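Some features that Swiss-Prot has for this protein:
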type	residues	note
BINDING	TYR33, TYR172, GLN176	L-tyrosine binding site
MOTIF	38-47	motif ''HIGH' region'
MOTIF	234-238	motif ''KMSKS' region'
BINDING	LYS237	ATP binding site
DOMAIN	364-431	domain 'S4 RNA-binding'
Amino acid sequence: MKNLVEELKWRGLYHDSMPGTEEQLLKEVTSAYIGFDPTADSLHIGSMVQIILLVHLKNFGHQPIALVGGATGMIGDPSGKSDERNLLNEETLAKNVAGIKSVLSRFLDFNSKEQNAPIMVNNYDWMKEFSFIDFAREVGKRITVNYMMAKDSVKKRINGEGEGMSFTEFTYQLIQGYDFYHLYKNNNCLLQMGGSDQWGNITTGTELVRRMGGENAKAFALTTPLITKADGSKFGKSEGGNVWLDADKTSVYKFYQFWVNATDADAEKYIKIFTFLDKETIDALIAEHQTAPHLRILQKKLAEEITIFVHSKEELEKAIQASNILFGNSTADDLKKLDEKTFLEVFDGVPQAEIAKADLENGLDIVTVLNEKTGFFKSNGEARRALTANSISVNREKIKEDFVLTANDLINNQFVLLQSGKKNYFVIRVV
């Protein structure tokens, strides 16, 4: 079999693994799982590393298992958290589980008939009938409190300045550990993967498999590094918060812009992690980018590849069209194709003013619009000089002083875009 660990290492997707993991993956088709807890009804780009890891696993001939944590989500993972998580109610959890299943289904074909077809499971299905007494006897008996207390996620909470850790969160690693044993027993799953912050929980699982599975039981672990930006700040957030994988939470335009705006150092790192381009292609792109960094070749290729992967080629083309509007490489037709949400996002931060729709019934002369109605220009004289200089556009089309603004000029029946020169924009919202 091809060497998956070697592939992960050059891409920057490998952090650590248990002894024997690489040999197991080279020896035979191996089932491996990653857990996704339903803390929200979608996933953001912070989860992309784990999704991509499952896709690489599949591409290298192994079987990926995506576990949605309907049970573990009821408790909350304490790893990397300084405070107790708020418990989610069942209705919210059910909605979140459905949302995450929907997202994962875009990247892995769970209906495939292949031998190594991806599987999706929900740990609530096997935990819901487990009584506390049975769990304490069958699982709790196998792992000592000393072992659990030695985990970093536990030590940091207990030795920190907060309120410590509840018994509920303390048991999280046992439930996650039992997930591994359940998948080992029922799906012949030998490997659990996750972010490096999950090492403690994952190794509890490998320990449980060995102690519950008998003397021939084997279990392996592999983790990915936590992704940070070159400046050390947290990856996955923009100024507006999380960058989501659902277009109704983060538009395709904003998703595309997030990657296009990456620094050179970040783009060089991200293109290895977040795309499936081969090493030769990536090395050539990096070399080409370094000859003309101002063209942002690397960032554009990164944004294109991951936008197609997460959304589609069609959505990528729309995002590129929307991006071109701000930089002058667009037409009036391109502007009219924008939906309301994308229009407002493209021109976020641009000065705006409202005009009553009734004012447009008989038409408004452009000088009145530019000065009195919007304040885009300070005086009629200044507006006329700009018009005479042929520097005013309405919806990307140059106009003269005799232009009259009417309802026929509205974009989405609501907006008008004014432009003076190359970079001065003004949006009229008609109400």
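Glycine is no exception: its Cβ is also placed from the backbone N, Cα and C atoms.
Feature map: Swiss-Prot annotations on the structure.
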{"residue": "TYR33", "record": "L-tyrosine binding site", "CB count, 10 Å": "25"}
{"residue": "TYR172", "record": "L-tyrosine binding site", "CB count, 10 Å": "24"}
{"residue": "GLN176", "record": "L-tyrosine binding site", "CB count, 10 Å": "28"}
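Residues TYR33, TYR172, GLN176 are listed as the L-tyrosine binders, and the farthest two of them sit 17 Å apart at their Cα atoms. Here the domain 'S4 RNA-binding' (364-431) is broken down by DSSP into helix, strand and coil counts: 20 helix, 23 strand, 25 coil. In the three-state DSSP scheme, GLN176 (L-tyrosine binding site) is classed as helix. Using DSSP to sort the residues of the motif ''HIGH' region' (38-47) gives these counts of helix, strand and coil: 3 helix, 1 strand, 6 coil. Confidence annotation: the motif ''KMSKS' region' (234-238) carries a mean pLDDT of 69 in the model.
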